[in-house]
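From Swiss-Prot, here are the annotated features:
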BINDING   Cys38, His63, Glu64  Zn(2+) 1 binding site
ACT_SITE  Thr40  active site, charge relay system
ACT_SITE  His43  active site, charge relay system
BINDING   Cys93, Cys96, Cys99, Cys107  Zn(2+) 2 binding site
BINDING   Ile175, Asp195, Arg200, Leu262, Gly263, Ile264, Ile286, Tyr287  NAD(+) binding site
Amino acid sequence: MKALAKLERGPGLTLTRVKRPEVGHNDVLIKIRRTAICGTDIHIWKWDDWAQKTIPVPMHVGHEYVGEIVEMGQEVRGFAIGDRVSGEGHITCGFCRNCRAGRRHLCRNTVGVGVNREGAFAEYLAIPAFNAFKIPPEISDDLASIFDPFGNATHTALSFNLVGEDVLITGAGPIGIMAVAIAKHVGARNVVITDINDYRLELARKMGATRAVNVARESLRDVMADLHMTEGFDVGLEMSGVPSAFTSLLEAMNHGGKVALLGIPPAQTAIDWNQVIFKGLEIKGIYGREMFETWYKMVAMLQSGLDLSPIITHRFAADDYEQGFAAMLSGESGKVILDWTV
């Protein structure tokens, strides 16, 4: 089958031919329709320090996808040939304390699809049936293919009650931008997002941001004054991994505020702990998606009117993957979709 793989320990990916995956007793085989390019895939493309330490070579990658079940293992129940599915990209052990307690997103033995094992940038993907998630017919293939990052945004944004709250999001990548739409959808009052990328900030405005702030030119304090905010933000969502962004977020938080961290900062990042202690801030680290509560919430929000369509800005045939990666690398894109049916 056709697949997009890391064949050598260096930058780039190669469209190649690999063996179609075997289907275990508890697996489903998915014929891929669409995939989306993730920030993780950009790290793999660039072959940065993280990728060099993490990605086995050779291996085909990718973990954001939608497709159709074409084969099932003999032990699989609850699915049928022809079901349209996306899937949870974190394959968990099922035996550790967190797995047995229903907190599988905190499994200490997680294996990542397209990171630690063969991925979805291919014509077929085999995964445990437990990880597959049926997609309702009213949700498009394009939207279903981005359920993985949509899930990151959902898990982060819905970690705290947002109804009537003022929310600050630092980092206008696709996940941060989707968090804007989620926060507005569930009833936040002001949703402010910060970045230095004007293209992405404009996308955030289209997705409903009260203010999209280029902090290279505009003061967050001035924006808060314009919005008649006198006590700071109630909820902060750190999506960038940039230390200066986290610092500004802590400074802008109200006393008793709540902060969710999804962005991954450099190791040993220093912060002003006085901001945390004397403001009584609650800080929560976010990893992946809650299995499968996050997935049900994603579907429910889309079915109740959440519009994520502006975040998908580019579409290419899988054979034109280099154009897709170029769009992502340019910084002037939202989500980029690769079509495996053409």
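Cβ from N, Cα, C; glycine included.
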Out of Cys38, Cys93, Cys99, Cys107, the binding-site residues in the record, which is closest to Gly263 (NAD(+) binding site) when you go by Cα distance?
Cys38
Nearest to His63 (Zn(2+) 1 binding site) in three-dimensional space, by Cα, is which of the binding-site residues Cys96, Ile175, Arg200, Ile286?
Ile175
Cys38, Ile264: which of these binding-site residues has the highest Cβ count within 10 Å of its own Cβ?
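Answer returned by the neighbour count: Cys38.
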So if I measure Cβ to Cβ from Leu262 (NAD(+) binding site) and keep only same-chain residues at least 6 apart in sequence, which ones fall under 8 Å?
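When sequence neighbours closer than 6 are ignored, Leu262 (NAD(+) binding site) has Asn152, His155, Thr156, Ile175, Leu237, Glu238, Met239, Ile286 within Cβ distance under 8 Å.
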From the Cα of Cys38 (Zn(2+) 1 binding site) across to the Cα of Arg200 (NAD(+) binding site), what is the distance in angstrom?
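If we compare the Cα positions of Arg200 (NAD(+) binding site) and Cys38 (Zn(2+) 1 binding site), the gap is 15 Å.
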Suppose the Zn(2+) 1 site is Cys38, His63, Glu64. Which further residues of the same chain have a Cβ inside 8 angstroms of that site's Cβ centroid?
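In sequence order, the nearby non-listed residues are Thr35, Ala36, Ile37, Thr40, Asp41, Gly62, Tyr65, Gly89, Gly114, Gly119, Ala120, Asp148, Pro149.
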What whole-number Å value do you get for the CA-CA distance of His43 (active site, charge relay system) and Ile264 (NAD(+) binding site)?
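Rounded to the nearest whole number, the Cα-Cα distance is 13 Å.
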Test of understanding: give the count of other CB atoms lying within 10 angstroms of the CB of Ile286 (NAD(+) binding site).
20
Tally every other Cβ atom lying within 10 Å of the Cβ atom of His43 (active site, charge relay system).
17
Going by Cα-Cα distance, pick out whichever of the binding-site residues Cys38, Asp195, Ile264, Tyr287 is nearest to Cys93 (Zn(2+) 2 binding site).
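Given the candidates Cys38, Asp195, Ile264, Tyr287, the nearest one is Tyr287.
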I need the nearest neighbour of Cys96 (Zn(2+) 2 binding site) among the binding-site residues Asp195, Ile264, Tyr287, using C-alpha distances.
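The smallest Cα gap between Cys96 (Zn(2+) 2 binding site) and any of the binding-site residues is with Tyr287.
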Measuring Cα to Cα, how far is Thr40 (active site, charge relay system) from Cys107 (Zn(2+) 2 binding site) in Å?
20
Going by Cα-Cα distance, which of the binding-site residues (Glu64, Ile264, Tyr287) sits nearest to Cys99 (Zn(2+) 2 binding site)?
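Nearest by Cα distance to Cys99 (Zn(2+) 2 binding site): Tyr287.
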Helix, strand or coil at Cys99 (Zn(2+) 2 binding site), per DSSP?
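Cys99 (Zn(2+) 2 binding site) sits in a helix per DSSP.
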